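To start, the structure under review is shown below, and the notes come after it.
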Amino acid sequence: MKNTYLNKSYRDLSQKYPHEREFLQAVHLFFNEIEPVIDLHPEYQDQAVLERLVEPERAISFRVPWVNDQGKVKVNTGYRVQFSSVLGPYKGGIRFDPSVNLSILKFLGFEQTFKNALTGLPMGGGKGGADFDPRGKSDQEIMRFCQSFMTELYRHIGPDLDVPAGDIGVAGREIGYLYGQYKRLQGPKPGVLTGKPVILGGNESRPPATGYGLIYFLKQMLAETGQDLAGKTVMISGAGNVASHACRKAQELGAHVVTLSDIDYAIYDPKGIDLELVIQLRDDPQANLADYSKRHPQAQVRAQSVWDLAIEADIALPCATQNEMNHKQVKRLLNKGLGFIAEGANMPLTAEACRVVKEAEIPYAPGKASNAGGVAVSGLEMCQNAARLPMKPDQVDQRLQEIMTHIFSQCKEASLRYGGGLNYAFGADIASFEKVVEGLLQLGVV
Ligand code: NDP
């Protein structure tokens with residue numbers, strides 16, 4: 001970065017929060033991309049635009065005591081980072097994972113603010129969670145944890161204030177328990193959470209929306225180069241919500257998906273992933289992904305990162321977690337002919353891996369654009385709850401396709417406008433920054 005205001009803002013931030021590695025990484029990547037806009041607007045410095053955008057409006061942390069099945073009291077730390085309400089109520093998921101800390105939630109809340117701006121729906125950005133590990137916990141333990149978590153969180157959220165949803169370790173079951181406790185404390189207000197089971201006011205199209213939206217974005221990227229998904233070899237990491245739905249939609253459109261993974265294992269099936277079997281193994285507490293090769297002996301299951309598998313693929317879809325793919329892994333894939341990367345996870349590439357991708361100049365979709373389908377459909381769930389009028393799932397999927405097309409166009413248009421060619425990461429950061437800043441400046445000094 002050459003711009004002195006950007007440099008100073010980043011330096012001040014890194015001195016203030018030196019241990020917030022993931023947050024600083026997200027801000028640094030973003031600052032690099034928006035440099036031409038800052039160059040054009042020296043007045044932003046007097047308005048402290050950058051300083052205001054990198055400091056969350058509010059960050060709450062709280063104790064979450066709960067009782068395990070053996071009657072022992074356990075204590076975790078819960079958080080909610082209300083990053084920005086410039087464009088609407090805070091909106092963003094809740095993550096239950098032992099790695100959760102303020103740095104990770106601030107990076108996710110920062111990204112969410114700009115992602116939500118791209119959807120065109122009136123939503124600000126936030127993120128929350130706890131350092132609770134749901135793996136191996138019984139249903140009762142999960143319920144007790146969710147109830148305790150919400151017993152503190154409820155006072156900070158509301159349908160017009162802050163609307164959490166799921167993320168890693170939090171899906172329909174957890175959202176149901178969280179809403180159950182919220183309802184006991186505040187009465188029935190289904191609009192306070194999204195990703196709810198359908199019977200509680202959710203929409204069938206919400207769980208698949210992030211994975212499907214990712215594939216809709218990818219389709220546009222391919223079309224831009226005169227190609228389509230049919231016959232393409234695709235590597236996907238993860239086996240959770242985003243990965244499994246991305247796999248399903250890619251297979252529906254004729255792609256040859258050859259990998260999926262979890263935290264312990266990577267599956268490579270040269271004949272194409274048997275998604276139903278992976279879901280069955282994932283959801284069975286007595287099984288693990290290593291059992292895949294019992295039914296499909298041609299498949300390899302390795303206790304290593306999926307990105308270390310030495311295989312050839314046209315497209316990589318990282319859909320597990322942040323910093324899952326490093327520069328060596330990206331280089332190896334590029335050497336084997338990789339042509340496209342689209343992020344289902346948030347910031348799955350390390351900073352060094354991003355540099356390698358940029359230099360290679362392959363089409364690359366950043367998570368804040370390509371995984372925005374989930375929050376977009378959450379926005380539609382908020383509308384249906386406010387109107388008390390359920391929307392049909394196919395109607396929602398149609399809207400999702402339109403929103404992903406609109407996000408793609410914004411990324412392309414902003415990148416071309418600033419002379420970046422077809423650089424979707426550059427375009428996504430510029431287009432979203434312009435929107436948030438426009439709103440921020442009209443609010444006065446807030
Ligand atoms: P899930 O909990 O449903 O699935 C996560 C998957 O990633 C699991 O297969 C998990 O394995 C694996 N995983 C988790 N941590 C690691 C790790 N450290 N190394 C390797 N694999 C890991 O989460 P989601 O699918 O909902 O979320 C995945 C990503 O997508 C996250 O980055 C999330 O922020 C992002 N995202 C999710 C959205 C949503 O709508 N859910 C919306 C937008 C972005 P295991 O089961 O063994 O733990």
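One is the number of the first residue shown, and numbering goes on along the chain from there.
For all residues, glycine too, the Cβ spot is worked out from N, Cα and C.
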| field | Which of Ser305, Ser378, Ser409 belongs with Lys91, Gln112, Lys115, Gly166 in the substrate site listed by TrEMBL | value | Ser378
| Of Gln112, Gly166, Asn241, binding-site residues neighbouring ligand 1, Cβ under 6 A | Gly166, Asn241
| field | Distant-in-sequence Cβ neighbours of Ser378 (substrate binding site), under 8 Å, six or more positions away | value | Lys91, Val163, Ala165, Thr194, Gly195, Arg206, Ala209
| message | I need the least crowded one of these binding-site residues (Gln112, Thr210, Asn241), counting other C-beta atoms within 10 angstroms of each C-beta. | response | Asn241
| request: Going by DSSP, give the three-state secondary structure for Lys127 (active site, proton donor). | output: strand
| field | Cα within 10 Å of Lys127 (active site, proton donor) - qualifying recorded positions among Gln112, Lys115, Asp167, Thr210, Asn241 | value | Gln112, Asp167
| Using the residues the record lists for substrate (Lys91, Gln112, Lys115, Gly166, Ser378), what whole-number Å value is the largest Cα to Cα distance? | 16
| note | Thr210 (NAD(+) binding site) and Lys115 (substrate binding site), compared by Cα position, are separated in whole Å by 12
